[in-house]
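To start, the structure under review is shown below, and the notes come after it.
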Amino acid sequence: MRDSSAQTRSPSIRLILLTLVMLYGAIAGLQTVVDFDLGWQMADARSPLASGDVLSYTAPGSTWVYPPLAGIVFRHLFHFGGYAAISWFCAVALLATLAIVALRSKTSVLILLLLAVPALAGQMIPRSGIFTVVIAAAYTRVLLDHYLGRDSRRLWLLPLLMIFWVNLHTGFISGLGLMLGYIAAEVADCAQQAKRDRALRQLKLAAPWIAASFVCTLLNPWGFRIYAAIAAQEHISTLQSNVIRELTPLYREFSWRGLQLLSPLNAIWWLLAASAIALVFLLYKRQLGLALFLSLAFGSCLWSSRTQGVFLPVACLIAGEAFAERAGSQRHLQRFSRSPGLRWAGMIAVLSFVAWRCYDVATDRTSLLEDRITLFGAGASWWLPQDAAAFVEKNHLPTELFSTFNLSSYLTWRLGPYYRDFADGRYLPFGDRLVSEQLKLAHLPLDSAEWNQAVATYHIKTVILPLSRFWGVEEAPLREDCSSRNWVPVYFDTTAIVFVRDGALPQTELSSLRIDCQHQHLVENESLPQNKRLRMEHYQKLANATVLYFLLGRNDEAQQALESASRIAKGDRSLVLLNGQLQASRGEFAAAEESFRSSLKMSESDAAWYQLGLLYANQRRYPEAVYAFQRALRLAAQPEFSVELSLAKAEVLNGQANTALQTLQEASQVLPDSSPAKADLYDAEAAAYSQLSNWPAAVAAEEKAVQETPAVAGRWKILAAMYTATGRQDQALHAQEKAESLVSQIPR
């Protein structure tokens with residue numbers, strides 16, 4: 001395979017494929033900017049040489065070492081052309097990566113690259129990791145060209161690129177891995193007598209440049225300490241992997257039932273499958289070095305999702321070489337390559353495939369089908385609460401400011417350094433304790449005891465919560481927060497809601513800012529924009545408004561917003577799902593079931609199965625409810641307490657008490673740290689034990705539920721009934737009196 005004499009028989013076809021790769025990349029790579037890491041990286045670049053946290057009020061001064069150059073680059077891009085400049089930069093980065101792999105490559109490499117475009121585009125997120133993808137592609141190309149004996153003159157690029165890489169992103173460690181993979185490949189070839197001399201010569205030629213590259217990793221502001229920072233990043237806790245999904249192994253995301261062969265989301269699985277086949281070919285041909293190199297990249301990708309950007313160029317180049325050599329030895333494939341009609345028929349099929357994919361991206365159909373929070377084009381994503389941030393800044397709302405883990409990254413850039421954050425995507429300065437506290441607070445009502453304690457500890461006076469139907473509103477108890485006694489809602493739109501602590505501002509000022517969530521208009525009655533981008537942003541506003549109206553019980557307005565959104569775009573499974581929820585709330589159970597199943601046909605999801613399970617349970621179709629909840633759990637990225645609890649309740653009602661107790665044991669492993677959730681768990685446990693006539697255990701479980709929520713009259717009534725069933729009349733009487741007392745206190 002080291003022989004470079006084999007050339008593509010049809011340069012015109014190769015040129016067409018190259019053009020299609022670049023065209024597809026240009027369209028797929030141009031996306032609006034959303035911000036889960038970019039914000040803190042740009043904010044962190046304000047103090048590029050700092051070795052401690054300067055962005056938060058919860059962990060100021062905590063050890064934090066991170067390469068600053070990427071943040072500096074993005075800051076300059078932002079100041080030059082705003083988020084639009086960053087969008088274009090990401091598109092250019094994707095094109096550069098594709099060009100590095102595609103130029104001077106064989107037809108088989110180009111075909112694999114066409115399949116890989118969606119996966120590579122998914123790695124071109126505007127953050128420091130984008131530089132790792134581009135430079136890793138360059139490293140792979142230089143090392144493989146040298147290994148295959150095609151070009152050893154560019155080895156000098158290895159140390160030069162490393163000087164930039166180590167100051168751009170901690171992913172420079174992947175470059176060391178690629179060089180070690182190359183060395184392993186040459187060493188493997190040394191085991192074969194026919195290849196030994198050449199492998200040793202190649203190693204001797206590359207050794208000085210590889211050694212220089214390792215030395216160049218020390219050319220950063222912290223020297224050896226950069227390795228300590230990377231080591232700290234690799235100590236990944238369970239909570240950290242749950243919060244930052246890319247830290248989990250990629251293989252956990254695979255599902256045969258969820259596999260859709262033509263979906264762009266499955267591009268990575270196509271490349272993994274191609275690599276597995278190529279490995280068989282390489283081993284059959286005793287190409288041990290390349291097989292080892294590819295298998296190392298293959299294993300790294302499966303073990304860590306964040307290495308996909310490094311794996312993809314390796315897979316395209318090595319698997320493409322393997323397929324090209326295999327094709328050259330197959331007579332029927334040679335006949336295909338010599339037949340102009342067959343060649344051009346294949347090209348028409350490829351052209352149709354690329355045209356279809358490009359159309360879906362450019363019309364945002366892909367965005368809707370994949371629940372993306374980006375759109376085709378340049379600029380800021382509709383997800384970012386830009387107006388809410390401007391409101392906070394304009395009205396000089398008091399510090400400290402609290403927000404969610406994902407949104408804090410944007411806010412620390414947009415509102416910093418005056419407004420510091422609670423915790424953000426860096427994770428390490430905060431650790432499990434602060435991040436878990438942030439997650440808990442985001443899910444709890446603002447009037448909860450936990451919030452009162454957090455206010456006393458951290459002096460929080462302003463809260464801004466994201467309200468998008470993706471990565472937003474599912475975290476906030478919106479209706480309870482809007483009726484808070486201690487917090488005043490002062491801003492509310494389809495992207496975010498802002499609260500100020502009562503007493504944090506003069507009463508007259510606070511009263512003038514107060515808004516009423518139940519009467520706030522989220523979408524103005526305006527004519528539909530003619531511009532495609534503005535029309536899709538208006539669609540997202542309507543879709544978010546539908547969810548928010550529904551959560552607030554404003555179902556008529558939710559239905560109106562839903563119908564308006566449906567006139568703009570079809571194929572959004574989240575709105576089909578919400579339509580089912582609206583139908584269920586009106587008692588239209590047959591129509592709701594049809595909507596939920598329509599959502600499942602569009603794309604099987606845990607959310608749709610969960611809503612279908614709730615519908616079945618409401619109709620007392622318990623066997624079907626059990627099945628639906630089980631499907632939801634299998635499809636969920638991680639165990640969800642609400643689904644586990646619903647499954648346990650359905651199992652109890654279906655007469656499966658022992659199974660329900662096992663489910664509750666699993667639910668306890670993901671139990672939120674909140675009294676209502678614990679009480680719900682104990683309620684279900686008490687019901688299961690009651691069904692088994694294990695009254696002591698049932699009473700003990702219900703007593704725990706009452707202890708968690710002593711102000712809930714219904715639980716006192718249940719406990720009174722259990723005391724009566726076990727002959728504990730005095731305690732039953734006390735529990736009944738307590739329940740009646742609580743009921744009498746409820747305003748009528």
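Using N, Cα and C of the backbone, Cβ positions are placed for all residues, glycine too.
Of all ranges given (289-305, 306-322), TrEMBL attaches the label transmembrane segment to 289-305. Annotated by TrEMBL as transmembrane segment, the relevant range among 205-224, 345-364 is 205-224.
Of the candidate ranges 12-34, 110-140, 160-184, 205-224, 160-184 has the most C-beta pairs within less than 8 angstroms of the transmembrane segment (289-305). Pairs of Cβ atoms less than 8 Å apart link the transmembrane segment (267-284) most often to 110-140, out of 12-34, 110-140, 160-184, 205-224. Secondary structure of the repeat 'TPR' (606-639) per DSSP (helix as H, G, I; strand as E, B; remaining residues coil): 27 helix, 0 strand, 7 coil. Residues belonging to the repeat 'TPR' (606-639) score a mean pLDDT of 92 in the model.
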